[in-house]
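Participant: What TrEMBL records for 55-274 is domain 'CWH43-like N-terminal'. Annotation comment: TrEMBL describes 55-79, 112-133, 145-167, 173-198, 219-238, 244-264 as transmembrane segment.
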Amino acid sequence: MGWDDGVDTLLPTSKKVAHPEYVSGACLPLFFGSEREAYSYYIGQRYLRIEARTLTLIVCFLPTFALVSCIFLALFFHFDEATNTHCHVPNILPSISTVIGGFWETNFIWSWAIYLHALPRLIPAFAYNNVFIPRAPRRGRLTWFLIRLHATLSLVELSALLSLTYYNSDYNHLYHVVSFSIFGSTSLLYALVHLTLCRRLELHVQTKLQMQAWRLKKRAFCLSVSCLLTCFYLFYRHNAYCEPYVFSVFSLFEYSFVLSNILFHSTFRLDFHDRCLYIS
């Protein structure tokens with residue numbers, strides 16, 4: 001990460017490359033691609049370079065830090081209120097909805113972290129789209145449909161995350177529940193479509209890093225599915241039998257579901273290890 005200039009000496013041409021895999025910000029001073037592509041795109045200009053690894057760290061760190069911080073603050077300052085449910089049985093862990101919206105300090109931390117990470121989260125959606133499209137022409141209509149679905153699900157997932165953050169569970173419970181449901185379902189569908197496209201377009205066997213990313217994605221997806229199914233069962237059991245600490249186990253698997261989703265998105269650094277975000 002750093003400022004680069006001296007473009008004219010590195011790439012002495014006035015013609016921009018038409019590379020199918022870079023992502024430009026149109027009217028925005030943003031560019032995501034390789035170093036050589038950036039040199040031809042920003043001829044005679046200085047720009048800030050952020051590696052894909054650093055970008056991924058920012059996108060994954062913010063929600064992870066916010067979640068852990070909110071859980072700690074809720075338990076340390078509001079234990080009784082945070083762990084209380086309609087069953088009034090002993091519990092030791094609060095749900096995500098409670099920790100991110102039940103108290104002003106946790107709501108503040110979570111909201112700012114999610115809003116700050118939202119714009120960088122858009123970059124992978126367009127970056128993957130620009131990788132899939134050049135490889136799709138000979139793959140049939142199903143592949144084209146999956147590519148469009150992949151981009152749509154990515155945007156819907158992010159929108160649902162912003163929505164469940166904006167709508168507090170205490171004051172807008174219905175909107176919050178609907179937003180959380182959409183987020184959970186679209187995140188799994190996105191991961192499934194992503195894995196399907198990687199296999200159909202043979203993107204999972206090109207480099208060692210992509211093979212590593214493929215294995216990590218499969219494990220994160222399986223973990224997400226397992227956690228979500230377990231959450232459904234534990235939530236039903238808690239409401240049906242009101243057993244002590246069942247809701248705490250539900251909350252633990254809920255945390256694991258969110259963290260496995262973050263783990264899946266963290267593979268962006270492996271798929272685009274040689275790409276950077278450039279800001280002029």
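Glycine too: its Cβ is placed from the backbone N, Cα and C atoms.
Could you place these features in context, so I can see how deep they sit and what lies close by?
Facilitator: Tertiary proximity for the transmembrane segment (55-79) is limited to same-chain residues at least six positions away from its ends with a CB under 8 Å from its CB atoms, namely 93-94, 96, 98-100, 102-103, 105-106, 109-110, 112-114, 116-117, 120-121, 123, 255, 258-259, 262, 265-266, 268-269, 277.
Nonlocal intrachain contacts for the transmembrane segment (112-133), taken as residues 6+ away from its ends with a CB within less than 8 angstroms of a stretch CB, comprise 20-23, 32, 55, 58-59, 62-63, 65-66, 147, 150-151, 154-155, 158, 161-162, 165, 194, 197, 201, 203, 265, 268, 271-272, 275, 277.
A Cβ distance under 8 Å defines the sequence-distant neighbours of the transmembrane segment (145-167), meaning residues of its chain 6+ beyond its ends; these are 100, 110-111, 114-115, 118, 121-122, 124-126, 128-129, 132-133, 136, 175-176, 179-180, 182-183, 186-187, 189-190, 193-194, 196-197, 200.
A Cβ distance under 8 Å defines the sequence-distant neighbours of the transmembrane segment (244-264), meaning residues of its chain 6+ beyond its ends; these are 60, 63-64, 67, 71, 83, 85, 87, 89-96, 184, 187, 191, 216-217, 220-221, 223-224, 227-228, 230-231, 234-235, 237-238.
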